[in-house]
Amino acid sequence: MKVISAMLVVAVFWSQEWKSALSDSIIHIGAIFDESARKDDEVFRLAVADLNLNNEILETEKITMSVEFVDGNNPFQAVQEACELMNRGILALVTSIGCMSAGSLQTLSDAMHIPHLFIQRSPAGSPRSVCQQTSRIPGTDDYTLNVRPPVYLNEVIMQVVSEYSWQKFILFYDSDFDIRGIEDFLDRTSQQGMDVSLQKVESNINMMITSLFRTMRVEELHRYRDTLRRAVLFMSPATAKAFITEVVETNLVAFDCHWILINEEISDYDLQELVMKSIGRLTLVRQTFPMPQNTSQRCVKHNHRINNSLCDPKNPKSHQLEISNRYIYDSVLLLANTFHRKLEDRKWHSMASLSCIRKNSKPWQGGKSMLDTIKKFGVSGLTSFLEFTDNGTNPNIFFEILGTNYGEDRGRGVSRLATWDPVHGLNGTLTDRKLENNMRGVVLRVVTVLEEPFVMVSENVLGKPKKYQGYSIDVLDALSSYLGFKYEIYVAPDHKYGSLQPDGQWNGLMGELVFKRADVGLSALTITPERESVVDFTTRYMDYSVGVLLRKAERTVDMFACLAPFDLSLWACIAGTVLLVGILVYLLNWLNPPRLPMGSVSSTTLYNSMWFVYGSFVQQGGEVPYTTLATRMMMGVWWIFALIVISSYTANLAAFLTISRIENSIQSLQDLSKQTELPYGTVLDSAVYDQVRYKSMNPFERDPMYSQMWRMINRTGGEYNNVDESKEGIRKVKYGRFGFVWDAAVLEYVANNDEDCSFYTVSSSAPDRGYGIAMQHGSPYRDIFSQRILELQQNGDMDLLKLKWWPRDSPCELYSSIQTRQRGNALDIHSFAGVFCVLAAGVILSCLIAMVESWWSRRKGSRVPSKEDDKEIDLEHLHRRVNSLCTEDESPHKQFSTSSVDLTPLDMDALPAARQALEQISDFRNTHITTTTFIPEQIQTLSRSLSAKAAAGFSAGFGSGGGGVLQDHRTGGVGPFRQRAPNGGFFRSPIKTMSSIPYQPTGPGPNFGYGNDPDRGTSI
């Protein structure tokens, strides 16, 4: 009031001394700000100070101001403060408050005819909503001017979503946003068939995200993540930064997401922070103000200059201005221009203080004129150009649409994609195109599980990241070199592929993808319906089938492999047959004795019959001549039998010694399922485990083979036969009796690279699924990866990568169940060990028999032969007896030497006088002694010469019997002679006592007929 009194005193003084027009040169402006708009108050005071310091608009007039702060949600307080300002004599009211208080002030300003420049301010920086129209008396003027343009957020966001061709997205709004402001947008999206979800973001964002994980099931969380790939944010920049940070840290979104943040008040500083905190693609829609490119023109307008701290882009303070700050500065400029024009037109109406309490209080008479002047002219300022239409709105508004590209690079560039204004609409093209082949700058986080040969650690140096190799790593490197991305790889914490747990959560590699901790999952990962329901798979890069790893049967050392061609029962039958045939031959000869040829030493005893049958069986011949028809018939059949048996044995022995027969009967999964002796299992809760269980229990796809396998695998709840890791299963096969059911490709690699080649594999014939690369559900890289994999397969590059780990020239036989020889078909010592053992046993047995015979002979020689015993007569001993009987004189000169005389056919030819006599002694028919003439053809030399004494003695002996004299062709003398028998000089004789051998000559001359027969000799 003191200020007003001073102004009145000055006005009276000027009215007396100067012209009357200058008496109203003091301008008073009132302002009401929200309690949180302290920066609006700062800019307002700065604008008034700039106008008072510069004489560009108001030359001699000065502006005074009164500022009050109110609670934006308390209309009564706002009206009370406005009345107080009107009592002070304000000419215009500038407010920066919310819609609720603005409605009450609108009514008051209409009643008091005070121009009201209303700058809508949303609470906590949230996007603006359309203020509800205040009912007014018809025919009255609207003294409230909306400095800020109408809310066009619905039109802008609808245009952007349509350009991106979104059909499904979620709309987030903070707690300070009035949802009624987007009713029109929701109605239009519903009419176009868009699926839009709404969710309010609470002030405690951390608690909100935590409750989502706690209350949602896995399927619901998966659908929620899929929805988060496309989102529209209606929230303040501060809330948006906190929300984006939280969802990124909790892996609710990935680099393939695309979010749109729309808010008029997004500063450059907020823009940079949002880009730094977000991943994926981010689009921002904010209000912009067209400014000249020349910096000097930004601060100098046609009739005034703007403070450099607000217009110079090099000044950091200019980047921190809020939109409301800009409109407040321009509002002060507009009022100053209006006052200047009113003063020039001499249409200034001074205003006395007004009272809102009086009933008969009249409004300001100059209010209408002031309002019309404000609407008629505009001003250039920080908001480009401020003007009003007839209905009191500011038509000038521009939006810019900024955006980033897909990726995870922090601080990636932001570019202007398009602009929008109410007159021209969208100026630019917005496309949410899919990722192209160029993925440079993208870093993928890859989770894996170690599984030979797909993923293996190649280098593990302390302090450095591990390096990996394997077939899957080669495929990933081929994709990386073509598409240009980089990757970081790590092993799943629990070293498992992952399965759905009872609590609905996934563990292992799958859990890392489901919870967005990894972008790509890579290993010997098979594509299954359960996995594909929570993650995305590329096309298969290798076929998959179930196999079983078994240990090869070791080649046992069989010392008696020579007996293997025949069964033990067959050998027993053959031995019995030899005995039986030998007995039959003896009986046939005993019933019908054969007529033995002259000179034969063989007899038809049981021993000789057995020996003959055995000799003919082993194809060594015999010594007993059989002349009867029955015996020959028997022997003919026996020889045919022996021929067939020996031929079969020979052929079968060759097969047994050169071909290793398969002793293990498991050659297929069917064989494995039918047997119960060999236990087998797989990795617990793995894809193979689920596949066997599904095919054994599903009524629509039940397989008897898998049903039998499931009974073995699920024995005792699956803990007995199953293992936790594949390496443990391979170890059980190598060192025990166990069959490991697992991926056929993995098992083939293990069998192929075993040092001992002790494994072999059995797998199903046709693959029913394949190996794929897993990604987060809805990943934009799935199609790119799949397309490149198909190109690698078509070009043959995938086959080359496969041959690196599964070579065709394998050193081990993968499908043979026994150990095979490494060097052709050469036989080793083990194959003939039994033959040598039989030979050694025969030698040892022969030596024992020889020792027994020697002992028996010495013992028998000391005994008097009994009448029942057969006599074994030594030929030398016989000669001594003959000499003792034939000598006529016992003197030493009449005794011939006991030395035997060997005679060859040449010796016999040299004894013509004795031929007839020797022929006559060939058979002693009155005795039991049989002599045989035998002259071997090998004898080619003569024996030593008979001594004269021996020849005389022998001649005297035979001469007493009336015989002739035998002369030696070498010495001319005569003497005794002896021919050795082929059997070494022994023969069996049935005689009981020794007797002299009478000899009767049959012819006068010693004519022998043996000179031309080389096969005859003489033995006794």
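Including glycine, each Cβ sits where the backbone N, Cα and C put it.
TrEMBL lists 1-23 with the feature signal peptide.
Mean model confidence for the domain 'Ionotropic glutamate receptor C-terminal' (443-808) is a pLDDT of 81. Annotated domain 'Ionotropic glutamate receptor C-terminal' per TrEMBL: 443-808, in sequence order.
Sequence annotations record features per position, and here TrEMBL assigns domain 'Ionotropic glutamate receptor L-glutamate and glycine-binding' to 453-515.
Residues or ranges marked as L-glutamate binding site by TrEMBL: T526, R531, D743. Here the Cβ of T526 (L-glutamate binding site) has 23 other Cβ atoms within 10 Å, regardless of which shown protein chain they belong to.
Annotation comment: TrEMBL describes 568-588 (among others) as transmembrane segment. Listed as Cβ neighbours of the transmembrane segment (568-588) (distance under 8 Å, sequence separation of 6 or more from its ends, same chain) are residues 604-606, 609-610, 612-614, 617, 626, 628, 630-631, 634-635, 638, 641, 645.
Residues annotated as transmembrane segment in TrEMBL: 600-617 (among others).
Under the heading transmembrane segment, TrEMBL lists 637-659 (among others).
Taken from TrEMBL, the feature site 'Crucial to convey clamshell closure to channel opening' covers I666.
If you take the C-beta of R693 (site 'Interaction with the cone snail toxin Con-ikot-ikot') and look for same-chain residues 6 or more apart in sequence within under 8 angstroms, you find W710, N714. According to TrEMBL, the site 'Interaction with the cone snail toxin Con-ikot-ikot' annotation covers R693.
Per TrEMBL, the feature transmembrane segment maps to 831-856 (among others).
Here TrEMBL flags 997-1020 as region 'Disordered'.
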Rounded Cα separation (Å) that holds between D743 (L-glutamate binding site) and I666 (site 'Crucial to convey clamshell closure to channel opening'): 18
Tally of residues which DSSP labels helix, strand or coil - the domain 'Ionotropic glutamate receptor L-glutamate and glycine-binding' (453-515): 20 helix, 16 strand, 27 coil
Shell list (L-glutamate; ref centroid = CB of T526, R531, D743; cutoff 8 A): Y497, A524, L525, I527, T528, Y544, A687, V688, R769, Y771
Maximum Cα-Cα separation (Å), residues T526, R531, D743 listed as binding L-glutamate: 17
